[in-house]
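OK, TrEMBL features for this one:
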- 192-311: domain '3-oxo-5-alpha-steroid 4-dehydrogenase C-terminal' (DOMAIN)
- 12-35: transmembrane segment (TRANSMEM)
- 74-95: transmembrane segment (TRANSMEM)
- 102-119: transmembrane segment (TRANSMEM)
- 139-157: transmembrane segment (TRANSMEM)
- 241-262: transmembrane segment (TRANSMEM)
- 268-287: transmembrane segment (TRANSMEM)
């Protein structure tokens, strides 16, 4: 039985990861393009992106599931689950891969960057961001989000890690510290990474910085208000990139995944991740932009939704 399970993982897990990301990317692509798919499907995709101030403008879709809501503050669960899953995959990869092998550098760098991002987002969501009372997101988005952050680190491993059953070759935990140090030393060696990978890491970190600054500005709007009293305490953000776009934090997320794609050398699964993230956040940003324009008469007319001067 165990051997059968190991064989199934080796043979089918990489294709299942591909199918997961392909379906995720395809669902948002067919929603924004004039492709003849049922309007109910497009409405369901739009519904899953409705959260916070957009919750009350959600489309009529999914029948009795239309009003399935969870607190928007549960976004913290995504980053806690993601941090734990990514850390487990990172340690398993370190224990099962030879530190001196050049092929280990790319997955190691990608996983380290994602770990940094997820821990930052968890701390940021917990300590910095304060969602207004009643802020909600759809239950389907919540379930998908949990699966998303569990699947991301698994998708950054090379397919050979599954096909050659490297997960069975884990070294002893007693050597974990020494193994991690060897991997980090190998990663720090000059010539271990290409210019493209270094540039990708820079783009990834720049996106994180932009997102942190944008979230800090959003959090500043709620300082001084009492949690649980202002049910719709949404104010117009100003300053920094908010002068050009309504959702620079969404733009930052897209930049982060562009960096991840460069780090991995343009691999297929990170590309599909980027497609899903980009299209999904463009949908959310345009909806937020329209919400501000409808409700704030003095909203800056030159401000775009997510891409300065373009969109």
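Note: Cβ is positioned from N, Cα and C throughout, glycine not excepted.
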Ranking 12-35, 74-95, 241-262, 268-287 by Cβ pairs under 8 Å to the transmembrane segment (102-119), which is first?
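If we count Cβ pairs closer than 8 Å to the transmembrane segment (102-119), 74-95 scores highest.
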Counting only residues 6 or more past its boundaries, what in the same chain has a CB within less than 8 Å of a CB in the transmembrane segment (241-262)?
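Residues 110, 113-114, 117, 196-197, 199-208, 210-211, 214-215, 217-218, 270-271, 273-274, 277-278, 281-282, 284-285, 288-289, 292, 300, 303-309.
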For the domain '3-oxo-5-alpha-steroid 4-dehydrogenase C-terminal' (192-311), report the average pLDDT of the model, please.
87
